[in-house]
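Colleague: Submitted below is the structure of interest, expressed as structure tokens.
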Amino acid sequence: MSERLVTSNEIGIDSTNEYSLRPEKINEYIGQDKVKERLNIFIKAAQRRGEALDHVILYGPPGLGKTTLANIIANEMGGNLKITSGPAIERAGDLAAILTTLNTNDVLFIDEIHRLNRSVEEILYPAMEDYVLDIIIGKGAASKSIRLDLPKFTLIGATTRIGMLSSPLRDRFGVLCSMEYYTDEQLKEIIIRSAEILGCHITEEGAFEIAKRSRGTPRIANRLLKRVRDFAEVLYDNEITEEAAKKSLEILEVDGEGFDRIDNKILEAIIDNFNGGPVGIETLAYFVGEELDTIEDVYEPYLLQKGFIVRTPRGRMATDKAYKHLGRVRFNESKIDSKQCTLFEK
């Protein structure tokens, strides 16, 4: 397949019916209960004071609903949502052009905000603190600074790497929200809701079968639902049952853990070629046939999170959980308890 179905990053298929599947109000939003509770209080307090909501940072893995939350906040505050990203704002003038189009209570959503360059950040500081925009006109000795007033708006920054935000920028956000992976039950609710919007019939068992393979991520859950729906329409009388979901996902090469072919290939390489490890990441990438960065950034995090591999000072090792998943028997004595093993960065 040209695009990986279980990646948490956005791919082409996600744009189909994407906005129709998103909740519009905070009470419609499933999951992230702690974040939702805090934001609900902050929104109501801002409304009672007649103020803009304080600036918000949403951080956590991709696909967990940061853009959806930003849209909900804009709706609740009675403003419009303007979406951009850190890499798209190359110059200070690009940001100034966006800021000057905002109206009161609008929400400016900057995805990958950790990738803003420093010159752009400096424009943001007075805009966030004092709702003003300082513009330099002219060059050299003839240049002069002009200050423009901005409407009271809310900046929402989204990042998968909160540690990469500069301290001056991070300190200007009044609300910091950590987004967590979803439970299978929460994903089941999301899938049932999405199926209703898409007009396909799904049983609770069918929804749960998709949910448990969705890697804790709504974006993946909705993506798998769309593909299973295709199979249901052609092969299963437009009904997604547990059996229909299982067989469809088997054909799509997404197993019961949400692993695809490459995930399993990584585990097979460690166990079959290196007796369970340890094996260096460069060697592992060679055996799997993927780039080193791809292994580290795309595949490894979920395998680590689920406890199928661990990092040690000497390399990656497969856990008993990985052996069981592949139906292999461990013959050596170097058993690993993934709950007790320290995870080393490299």
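A Cβ is built for glycine as well, from the same backbone N, Cα and C atoms used for every other residue.
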Colleague: Which of these, Arg213, Arg215, Arg219, does Swiss-Prot list as part of the ATP site with Leu21, Arg22, Gly63, Lys66, Thr67, Thr68, Glu129, Asp130, Tyr131, Arg172, Tyr182?
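Modeller: Only hit among Arg213, Arg215, Arg219 in Swiss-Prot's ATP site, alongside Leu21, Arg22, Gly63, Lys66, Thr67, Thr68, Glu129, Asp130, Tyr131, Arg172, Tyr182: Arg219.
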Colleague: Which residue counts does DSSP give the region 'Head domain (RuvB-H)' (256-346) for helix, strand and coil?
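Modeller: Reading the DSSP string over the region 'Head domain (RuvB-H)' (256-346) gives 43 helix, 9 strand, 39 coil.
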Colleague: For the binding-site residues Arg311, Arg316, work out the Cβ neighbour count at 10 Å and name the residue with the minimum.
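Modeller: Per-residue Cβ counts within 10 Å for the binding-site residues Arg311, Arg316 bottom out at Arg311.
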Colleague: Round to a whole number and give the Cα-to-Cα distance in Å for the pair Tyr131 (ATP binding site) and Arg311 (DNA binding site).
Modeller: 46
Colleague: Sequence gap of 6 or more, Cβ distance under 8 Å: name the residues on the same chain that satisfy this around Thr67 (ATP binding site), in order along the sequence.
Modeller: Ile83, Phe109, Asp111, Ala158
